[in-house]
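Participant: Shown below is the structure under consideration.
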Amino acid sequence: MTAEGSVGRRRSIDGTGPVVGGHRLRTDVQGLRALAVTAVVLYHLWPNRLSGGFVGVDVFFVISGFLITGHLLREIDRTGSVRLARFWAARARRLLPASLLVLTATAVAVLIAVPRSLQERFLSEVLASAFYVQNWKLAGDAVDYLAADNRPSASQHFWSLSVEEQFYVFLPLLVLASAVVARRLGARPARVVLVVLVLVTTASFAYCLHLTSTDPGIAYFSTFTRMWEFGLGGLASFAPPALAGLSRRRAAVHTALTLAGGAAVVAAMVVIDGQTPFPGSAAVLPVLGATAIVRWGGSTLASWVGALPPVALLGRISYALYLWHWPLIVMPPLVTLTDLTTTSKLVVLAVSVVVAWASTRFFEEPVRFRVAPRVRPVAVLGAVLVAMVPVVLVAGLGRSAVQGDDSAAVADAQRVLAGSPRCLGAAAMDPDGPPCDNPDLDGVVVPDPAKVADDTSKRPGCWATHGVESVNVCSMGPQTGYSLHLLAVGDSHNLSMVPAYEKIAEKYNWRIDLTGHAACYWTTADLPLKSRTESASCAEWRSNLQDYLDAADDIDAVLATNSTSVPVDPPEGQSRRATIVDGLVEAWSTMTRRGVPVVAVVDNPAAADDTVQCVERYALDDPDRCATPRSAAFERFDGNPDATRRLDRTALVDMTDFYCTARVCPAVIGSVAVHRDRTHVTKTYMASLAPYLGREIERSLRSLDVL
């Protein structure tokens, strides 16, 4: 996401644009930069208005491929080699001062303003961004079910800069290796580079198509699925058109091709949205459009547009604007715990432009043009390492401090829980008991609000994550001499119930086995997950689950639950609700026909997006402020009640009254935080629910003559 500055410029002879650092500035490319960064910023502010604005990143990739490949081709043509230290020093001089400034400011802001529950992850991502591996960290989160829904951090946008930096390491090595091969073959280096770049681009595009269809989360952030975008830009640099002296006819053709390219880019920004598998084949439209502009736009209408003062300014500050806008969008809601309004978005937009201009004018350009050019490459690279120290110190030491605070908070919470105080957690909501209040719990919230997200049942042996089809079963309670053998089946909400099932199994002398799959539960309905691979994995796991159930001859009853947020794909002519209920009934009937009853547990309520951060800030002073309206908490349809009404030998357990009053679902009940994220219940609250959940399951089993 490079952008040329104004310091040290001089006019070029042919008048196409100023010369920067000895090279002519393409105003059409500056205009394309302006379009790309504008699209990205507007998309981040108004994603529903410009649904495909994120393709501006792909446009930047094409521009970088075009410019950097052209630079390396000129050097290899002039010298027969590539001076790696000089090349990397130039890139570092151009990109790192501004990025390290933003990362340092971001790390400081995180420590000052971000809720403690988010600080460790935010600072970890600052460190990943400083070392330009942020894309791989996010790719790892994409395949980690428990991290896939993490709130975007203030440095998340550095994923694309990480991809670019990795390209800047890879491409000169590729060109240098090609030059060595060319010398041995007696061929022109440029021709060998061309052949190799075609092969790399083709392979990357093929891999992009494959991975986007199988694992789009990884595909979006992977360097290997993005190389073809740089590659197409690089291929466009092999035969640059003359920027002056074009015939009228050729100029008209170039203008038409440039306009078509611009139309393709704009169309992609409008028609592509967050539901489009990306990058994949959908990325072809903006990438080819951007390639057409950089290839043929040098002496066309695009150059005139790019030279317009507002467009030229945006092109000049595009890199800084990309760096600054995202933290300025992310941070205010974390401070206010309210979404940005239209007015506040306009303020953020204006501040982003002003800050980007100021950092470009007074920091980035002076370092780039006045100081660094006189410094030897080795010294530049050494200075970069020194400049990284503030980021690493602030983020690294800050992260360590947060971890230390968290350890103390966990110990405090354990002391509270060890005393088994009266009215803790679900006991405060028991509808069959008297009003419950314990003054000793005033001013106490467990688990510590900053560690709520980690208050989960870590039982990997109980379930299968995405891409795993095996039926993994864990067992709770006595393994011999038990009075009942139950099997609990479901998705991650089933796993959330482990703390309760552990206590229930011991109290009632039941053996409770548990199995499940990420975002996948016991149903015959089609569950279209985030990727074809995830959907196929879910389908295979359900098939294996059914085989497991068919072979089980010692199960007395099945406990079934599922998240209402898992998507369902209804067949043509059928409603989503009917599909959900039919899928449950058909699945359960495979057991009820054999005389094995099913006890379905109604899903827990959902919470508002900022509930965890709200609890951290207000739980001690005004916990009611963090409650979710009951209507919003149960806005998604739960098919379990209807399914139990339709099918004999089934019963329903509904624990809603232990989560909600008639109007709201509190975020803190009996001094216990209820949710660890939007849809999952904390381990601590689930454990407090055990006596009441066990009581309801026992009642249901008695009604089914199991007891």
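Placed from the backbone N, Cα and C atoms, the Cβ positions cover glycine too.
Because TrEMBL annotations are produced automatically, they should be read as predictions rather than curated entries.
Keep in mind it's a predicted model, so treat the numbers as computed, not measured.
This is the feature table in TrEMBL:
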{"type": "DOMAIN", "residues": "29-357", "note": "domain 'Acyltransferase 3'"}
{"type": "DOMAIN", "residues": "471-692", "note": "domain 'SGNH'"}
{"type": "TRANSMEM", "residues": "52-73", "note": "transmembrane segment"}
{"type": "TRANSMEM", "residues": "94-114", "note": "transmembrane segment"}
{"type": "TRANSMEM", "residues": "167-185", "note": "transmembrane segment"}
{"type": "TRANSMEM", "residues": "192-212", "note": "transmembrane segment"}
{"type": "TRANSMEM", "residues": "218-239", "note": "transmembrane segment"}
{"type": "TRANSMEM", "residues": "251-272", "note": "transmembrane segment"}
{"type": "TRANSMEM", "residues": "278-297", "note": "transmembrane segment"}
{"type": "TRANSMEM", "residues": "304-326", "note": "transmembrane segment"}
{"type": "TRANSMEM", "residues": "346-363", "note": "transmembrane segment"}
{"type": "TRANSMEM", "residues": "375-397", "note": "transmembrane segment"}
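Describe each of these features in terms of where it is and what it packs against.
Facilitator: For the transmembrane segment (167-185), the list of distant contacts is 61, 64-65, 68-69, 72-73, 76, 80-82, 84, 87-88, 91, 191-193, 196-197, 200, 223, 227, 230, 234: same-chain residues at least six beyond its ends, Cβ to Cβ under 8 Å.
Beyond its flanks by at least six residues, the transmembrane segment (192-212) meets 69, 72-73, 76, 174-175, 178-179, 181-182, 185, 218-219, 222, 224-228, 231-232, 234-235, 238, 277-281, 283 of its own chain at Cβ-Cβ distances under 8 Å.
Residues 28, 32, 35, 39, 43, 50-53, 55-56, 59, 241, 278, 282, 285-286, 288-293, 295-302 of the same chain sit 6 or more residues outside the transmembrane segment (251-272) yet have a Cβ under 8 Å from a Cβ within it.
Cβ atoms under 8 Å from those of the transmembrane segment (278-297) belong to residues 26, 28-29, 32, 36, 52, 54-55, 58-59, 61-63, 66, 208-209, 212-213, 216, 219-220, 225-226, 228-229, 232-233, 235-237, 240-241, 253-254, 257-258, 260-265, 267-269, 272, 303 of the same chain, restricted to positions at least 6 beyond its ends.
Residues 3, 5, 41, 45, 97-98, 101-102, 313, 316-317, 319-321, 323-325, 328-329, 332, 340 of the same chain lie 6 or more positions beyond the ends of the transmembrane segment (346-363) yet place their CB under 8 Å from a CB of it.
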Participant: Count the CB pairs under 8 A between the transmembrane segment (52-73) and each of 94-114, 218-239, 304-326, 375-397, then give me the winner.
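Facilitator: Selected stretch: 218-239, with the most Cβ pairs under 8 Å.
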Participant: Considering only Cβ pairs within less than 8 angstroms, which of the stretches 218-239, 304-326, 375-397 has the most against the transmembrane segment (94-114)?
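Facilitator: Between the stretches 218-239, 304-326, 375-397, 375-397 has the largest tally.
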Participant: So what's near the transmembrane segment (375-397) in sequence-distant terms, Cβ-Cβ under 8 Å and 6+ beyond its ends?
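Facilitator: Here the qualifying positions are 83, 85-86, 88-90, 92-93, 96-97, 100, 103-104, 107-108, 110-111, 123-124, 126-127, 130.
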